[in-house]
Amino acid sequence: MKLWMLIAALAIMSVASLFIGVKDISPLDLFSMTTEQWQVMNISRIPRLVSILIAGVGMSIAGLIMQQLSRNKFVSPTTAGTDDSAKLGILVALLLFPAAATMHKMLIAFAFALAGTYVFMKFMDRLKFKDTIFIPLVGLMFGNVINAATTFFAYKNDMIQSITSWLQGSFSSVMSGRYELLYVSLPLLVVAYLYANKFTIAGMGEEFSVNLGLNHRLVVNIGLVIVALVSVVVILTIGTIPFLGLIIPNIVTLYVGDNLRKSLVHTALLGAAFVLACDILGRVIIYPYEVPIGLTVGVIGSVVFLYLLMRRKAYEA
Amino acid sequence: MIEVKGVSKAYGGKPVVDNVSLTIREGCVTSFIGPNGAGKSTLLSIISRLLQKDGGEVLIDGRDVAQWKSTELAKKISILKQSNHVNLRLTVRELVSFGRFPYSQGKLTKEDWSKVDEAIAYMDLSDLQHKFLDQLSGGQNQRAFIAMVIAQNTDYILLDEPLNNLDMKHSVQIMKVLRRLTEELGKTIIIVIHDINFASCYSDYIVALKDGRIVKEGPTETIIDSAVLQHIYDMDIPIELINGNRIGVYFK
Amino acid sequence: MKLKLTLLAALAAAVIIAFLFVDLPHNWDYALPRRLKKVLAIALTGGAIAYATLIFQTMTNNRILTPNIIGLDSLYMLIQTFVIFAFGVVSLPSTNQNVNFGLTVGIMLLFVGVLYRLIFKREGNNLFFLLLVGLVMGTMFGSMSTFMQVLIDPNDFLIVQGKMFASFNNVNTKLLLLSVIVIAGVALYASRFSKYLDVLSLGKEHAVNLGIPYNFVVKNLLVIVAILIAVSTALVGPIAFLGLLVVNLAYQFMRTYRHRILIPGSMLISIIALVGGQLIVEQVFTFETTVSVIINFIGGAYFLYLLLRESKA
């Protein structure tokens with residue numbers, strides 16, 4: 001796939017995305033929009049498009065960095081306990097500060113998720129990347145431990161369903177005033193781009209990096225902080241989008257290779273395009289209702305991922 | 001007798017072993033040599049049924065490997081791969097006792113245990129036999145695994161780079177044991193080995209592979225020859241006769 | 001070894017007796033049979049899960065895996081959610097335990113069968129590949145369940161929520177009997193493979209070298225594990241961490257690689273953990289939480305401890 005094709009596809013879908021919705025707005029109205037149409041554009045459609053693009057780019061890049069660092073194609077940020085920490089944070093926010101504004105609840109959950117990811121990073125530090133297959137599994141286990149605590153309190157207070165609905169990936173509730181937290185991830189992505197080569201080297205291992213004069217631990221930590229922050233921001237504003245961080249980098253690796261500086265741009269664009277395509281599909285498939293992105297990406301993503309796995313197998317076996 | 005007839009194996013369309021035919025002489029040490037990626041280990045794994053072949057047949061005592069009952073075959077042929085990390089907390093003696101599984105199915109008789117003791121003594125491990133594997137050095141570990149294969153008491157013993165990661169002393173020690181196994185117990189041994197000088201000093205026959213095919217096979221002295229080695233390794237290897245051994249001087 | 005096993009057996013018996021007789025109400029002729037049934041269900045599932053996990057870990061040569069990762073738990077939740085979502089709370093599959101049990105076990109085994117065919121069709125059966133595929137499917141089931149769980153009526157959701165946790169309170173006698181028969185039958189069938197287990201733990205290459213019909217054994221064991229997990233999950237609900245916890249405890253306590261000892265050891269520890277856990281839930285927490293939440297919490301923490309200890313060494 002050529003870069004310009006990706007950009008073109010992304011541009012076309014972005015425009016299309018702006019004109020799909022319950023409120024009928026056609027591209028022809030563009031120069032003669034009513035106030036109401038403008039409002040819909042400003043409050044809902046444009047924020048939605050922006051959040052889709054940022055979430056798609058962010059989660060794919062986060063996945064890519066994580067996989068580079070762990071040199072394990074099947075690691076993704078969702079297996080680092082971030083999810084479950086965020087869930088616990090949301091629960092705490094709902095239980096202790098029921099009257100707080102959404103933004104404040106978000107900040108509380110943000111702190112929790114960051115703390116959880118940091119604790120996990122500490123664990124990993126102790127594990128010293130000894131065996132990469134452990135990391136996703138440790139992450140899952142860690143997440144389960146936190147989840148057990150969350151469930152304990154949620155069960156007592158009958159809040160399991162509301163937590164579940166909060167964390168289900170969905171763009172339908174994105175509106176101006178409720179998605180701006182996503183912008184936090186933009187500077188992080190710039191840092192990711194600047195550090196791209198270093199992540200590739202760090203992924204080769206500690207001894208390899210030290211030999212090349214790289215502060216291995218620092219680079220790994222920067223990578224993980226980016227991963228954690230981006231994931232948290234996306235989870236809190238959109239919800240969980242399963243597999244995104246896993247499949248996009250894998251597809252890109254297939255046709256671009258493993259040099260991070262090169263694959264980073266492709267990954268970012270493909271991630272955005274994929275989420276956008278899934279979102280448009282989810283919006284038209286049972287129009288005027290919509291299927292949440294968590295489900296579309298979950299189903300399409302797992303099918304794609306399984307296909308990739310099978311293909312891989314055919315090469316190796 | 002082991003006969004390999006037209007065996008092939010490909011990974012992702014790329015042939016690794018390409019239509020190889022070969023007969024292994026009994027009661028001898030046969031070495032597989034060749035550059036990296038020649039298909040030596042793959043061929044060894046196919047002969048020992050660790051790997052499925054794409055085509056051809058491997059006959060052991062006249063019967064195809066696939067037709068043998070696995071338990072019966074385990075009394076005929078044994079294989080030891082190069083990385084033998086075991087995730088269990090086992091003592092040397094416990095490990096060696098696993099070699100008796102084909103005979104005992106886990107319920108070891110007195111006779112089985114005496115075979116275990118013999119194998120331990122053969123590898124000079126009596127002092128270490130109650131130590132745990134994770135307390136041993138690399139060389140001791142390798143010896144423990146070879147002892148297990150000896151306890152398995154098969155006619156054919158296949159070893160994939162048995163000298164990997166061993167120092168000179170342990171390498172010589174293991175090669176000497178292999179010689180003794182053929183000379184004293186009449187075993188047939190096939191090894192994959194990188195060092196042509198070890199192959200030259202300790203084997204009766206050498207099979208040279210390159211790009212999945214047999215380049216040349218024959219008695220040791222016919223292979224350890226400058227012209228032949230030039231063809232196999234694409235490098236100039238003068239052969240010197242030292243104490244009756246043909247030694248390739250390839251260091252400079 | 002014998003001593004340790006006897007010790008465990010005694011402890012298990014003590015916990016069971018405590019469970020049966022602590023705070024026994026006056027109308028004991030009603031309460032005691034109920035408690036007996038409950039304790040039987042607990043012991044059965046506890047034993048089955050421990051056994052399945054041990055075999056599974058031996059097959060995969062890995063101490064930190066549990067058979068739940070092939071997606072059976074998520075599938076169970078998907079089935080339960082779907083039943084309520086599509087047919088409603090008062091429908092036959094929701095209210096009739098027999099129908100629900102049959103449906104769940106049937107679909108789970110179908111799933112394992114498909115997974116199994118998909119993967120072992122090709123040469124070079126790779127167990128880890130299967131696990132990964134299972135994991136992916138599990139996540140997919142999870143996102144489908146989440147979708148439906150968000151949409152259903154909050155009152156109906158309570159029913160779904162009840163299914164999320166293993167519960168021993170309303171075990172149907174007939175189903176319990178059926179499960180006892182199925183699990184006993186599977187265990188009996190499995191016993192013919194038990195002599196291979198020690199050798200399997202050496203890894204695939206050594207096992208083949210020592211004459212084990214590897215593919216045959218592994219495929220059979222996989223089916224055995226799947227049936228055990230499917231039946232116990234359908235009977236009481238998911239308890240993901242139990243197997244991991246008790247099998248590792250058994251390794252640590254028994255200090256052996258011999259399955260002849262590990263099997264009864266891990267099953268006894270499992271029974272002690274579950275019956276003891278249930279006792280604590282009933283007596284200390286007065287049903288405010290469920291035993292699976294506690295087991296997951298302890299199991300997860302213990303697991304992290306194990307990893308950290310290993311990473312230091």
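For all residues, glycine too, the Cβ spot is worked out from N, Cα and C.
Counting same-chain residues at least six beyond the ends of the transmembrane segment (C:39-57), those with a Cβ under 8 angstroms from any Cβ of the stretch are 16, 19-20, 63, 65-67, 166, 168, 171, 176, 179-180, 183, 187, 190, 197, 221, 224-225, 228-229, 231-232, 235-236, 239, 242-244, 246-247, 250, 259, 262-263, 266-267, 269-271, 273-275, 278. The feature transmembrane segment is assigned by TrEMBL to C:39-57 (among others).
For C:69-89 (among others), the entry in TrEMBL reads transmembrane segment.
For the transmembrane segment (C:101-120), same-chain residues at least 6 beyond its ends with a Cβ under 8 Å from one of its own Cβ atoms are 70-72, 75-76, 79-80, 83, 93, 126, 129-130, 133-134, 137, 172, 175, 178, 215, 219, 222-223, 226-227, 230-231, 233-235. The feature transmembrane segment is assigned by TrEMBL to C:101-120 (among others).
Feature annotation from TrEMBL assigns transmembrane segment to C:127-152 (among others).
Proximity of distant same-chain residues to the transmembrane segment (C:235-254), defined by a Cβ-Cβ separation under 8 Å and at least 6 residues beyond the stretch ends, is recorded for 1, 4, 8, 41, 44-46, 49-50, 52-54, 56-57, 63-68, 73, 76-77, 101, 163-168, 171, 175-176, 179, 261-262, 265-266, 269-270, 273-274, 291-292, 295-296, 298-300, 302-303, 306. Per TrEMBL, the feature transmembrane segment maps to C:235-254 (among others).
Packing against the transmembrane segment (C:261-281) from elsewhere in the chain are residues 1, 4-5, 8-9, 11-12, 15-16, 18-19, 22, 38-39, 42-43, 45-47, 49-51, 53-54, 168, 194, 239, 242-243, 245-247, 249-251, 253-254, 287, 289-291, 294-295: each is 6 or more residues past its ends and has a CB under 8 Å from a CB in it. Taken from TrEMBL, the feature transmembrane segment covers C:261-281 (among others).
Tertiary neighbourhood of the transmembrane segment (C:287-308): same-chain residues 64, 165-168, 237-242, 244-245, 248-249, 273-274, 277-278, 280-281, selected by CB-CB distance under 8 Å and a gap of 6+ residues from either end. Taken from TrEMBL, the feature transmembrane segment covers C:287-308 (among others).
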